[in-house]
Amino acid sequence: MSVTVRVPAKVNVQLGVGGLRADGFHDLANVFFAVALGDEVTATAGGPGTGVTLSCTGPDAEAVPLDDSNLAARAARLLATHHGLAAPDVHLHIAKAIPVAGGMAGGSADGAAALVACDALWGLGTPTEVLLELAAELGSDVPFALVGGVALGRGRGEILEPLPVAGSYHWVFAVADGGLSTPAVFRECDRLREEAGTGSADTEVRTPDADPALLAALADGDAVALAAALTNDLQAAALSLRPALAATLRAGTEAGAIGALVSGSGPTCAFLAKDAESAEAVAAALRASGSCRAAHATYGPVPGAAVAGGA
Ligand code: ATP
C-alpha cells in the first residue's frame, strides 16, 4: 500500500528580518507564497522491522541526505511517536524538483508531505491543528508547506495567518549551482548590519511588519504592484556571499521580468512575469545567459501538501 503527496515550494514575496534575539533567532515578517514547482513524496508500507527508509530521484538527488537528518524521515518518526506507535516501518520516496538548499524550503516541503502521506497510509486522521503543531516542531517553514496559498508568517515564521489573494501569478526560478546555508546567510545579514553601523540586535533593529502595499497588491490581483513591492532583507547578505547572483537578477530583468528578488536565503532567484508567455521568455533568456544552472517557469499560488494518489 502506498500514498503519494504533492507539496509546493515557497517564495517569500516579503522577507522582513528583525534583529538577532537572545535565543539566536530573528523575528520575521515573512509573506510566504506557494508555487506549483514542487516535490512528490510517496510513503509505502515497509516489511516488519525495516524501519524508516528513504530514496530520492531528481536533478539534485545526490545533495539530499538519506539518513535520519532528512526532514521527511524525521516527520514520519515524529508522527508515529505522537500517536504512540512503536518504530514505524515505512519507505519514503522523494521525487525532488525543488532546488536543494535553494531558499525555497524544499526540505521543509518534504517534511510536510511526509506528515500527510504517513497520516493517510497509517489511517490516523490526525486533526489539522495537530499536524500544524508537529510541523512547527520540525522547522519554522514546515507549517506553511501544509497550508499553501499565501500566508503571513510571524515569530520564526511558524505563526501563520492565511492572506487573501486574487488571481494567479507567473513566476520564473533561476537555480544556481550549489546551495547557500540559511544560518550562514542570517549571520552575514547580522555582519552587514554591524558593518553599516546600524547594529544587529533586536534592541537596535525595528521589528518587521507586513508591508500594506504588498498585501493590497495580493488582494487586488495586481502583478505590477506586487512586483514593485517585492522585498527580501536577506538579499544583500545572499549577494555578499554569492556576488554572481547580481548577474542572474539582471539577466531576468533585462528579459522582461516585472520583478526580481533572491528567494528566501538564496541562491535561487525569483522573477515575476506579466503573463505565462513572458515567463517562458524570461526562463529561456536566463538559460541562454549562462548565469544559472536551470530556469523553470511556474505559477501560484497553489494549495499546500495534499494526497495526489495511492495504490
Ligand atoms: P529554507 O528556504 O527553508 O531555508 P532551503 O530551501 O534553503 O531551506 P533545503 O532544500 O530545505 O534548503 O535544504 C537545506 C538542507 O536541509 C540541505 O542542505 C540538506 O542537508 C537538509 N535536508 C534535510 N532533509 C531534506 C530534504 N528532504 N530535501 C532537501 N534537503 C534536506
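Each Cβ is built from the backbone N, Cα and C atoms, and glycine gets one as well.
Quick caveat, the model's predicted, so the values are computed rather than measured.
Record features (TrEMBL):
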- Lys10: active site (ACT_SITE)
- 70-149: domain 'GHMP kinase N-terminal' (DOMAIN)
- Pro99, Val100, Ala101, Gly102, Gly103, Met104, Ala105, Gly106, Gly107, Ser108, Ala109: ATP binding site (BINDING)
- Asp141: active site (ACT_SITE)
- 215-290: domain 'GHMP kinase C-terminal' (DOMAIN)
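Mapped onto this structure are the features recorded in TrEMBL.
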| residue | record | CB count, 10 Å |
| --- | --- | --- |
| Lys10 | active site | 32 |
| Pro99 | ATP binding site | 26 |
| Ala101 | ATP binding site | 20 |
| Gly103 | ATP binding site | 29 |
| Ala105 | ATP binding site | 31 |
| Gly107 | ATP binding site | 27 |
| Ala109 | ATP binding site | 33 |
| Asp141 | active site | 28 |
Practice problem: Using DSSP, tally how many residues of the domain 'GHMP kinase N-terminal' (70-149) sit in helix, strand and coil. | Solution: 45 helix, 7 strand, 28 coil
Self-check item: pLDDT averaged over every residue in the domain 'GHMP kinase N-terminal' (70-149)
Solution: 96
Quiz prompt | Annotated recorded positions Lys10, Pro99, Ala109, Asp141, filtered by Cβ under 6 Å to ligand 1 | solution = Asp141
Practice problem: Could you give me the DSSP helix, strand and coil counts for the domain 'GHMP kinase C-terminal' (215-290)? | Solution: 44 helix, 11 strand, 21 coil
Quiz prompt | Shell list (ATP; ref centroid = CB of Pro99, Val100, Ala101, Gly102, Gly103, Met104, Ala105, Gly106, Gly107, Ser108, Ala109; cutoff 8 A) | solution = Ala9, Ile98, Thr268
Self-check item: Distance, Lys10 (active site) to Pro99 (ATP binding site) (CA atoms, angstrom)
Solution: 11
Quiz item: Rounded to the nearest angstrom, how far is the Cα of Asp141 (active site) from the Cα of Gly107 (ATP binding site)?
Solution: 9
Quiz item: Measuring Cα to Cα, how many angstrom lie between Ala105 (ATP binding site) and Asp141 (active site)?
Solution: 7
Self-check item: C-alpha spacing of Lys10 (active site) relative to Ala109 (ATP binding site), in angstrom
Solution: 9
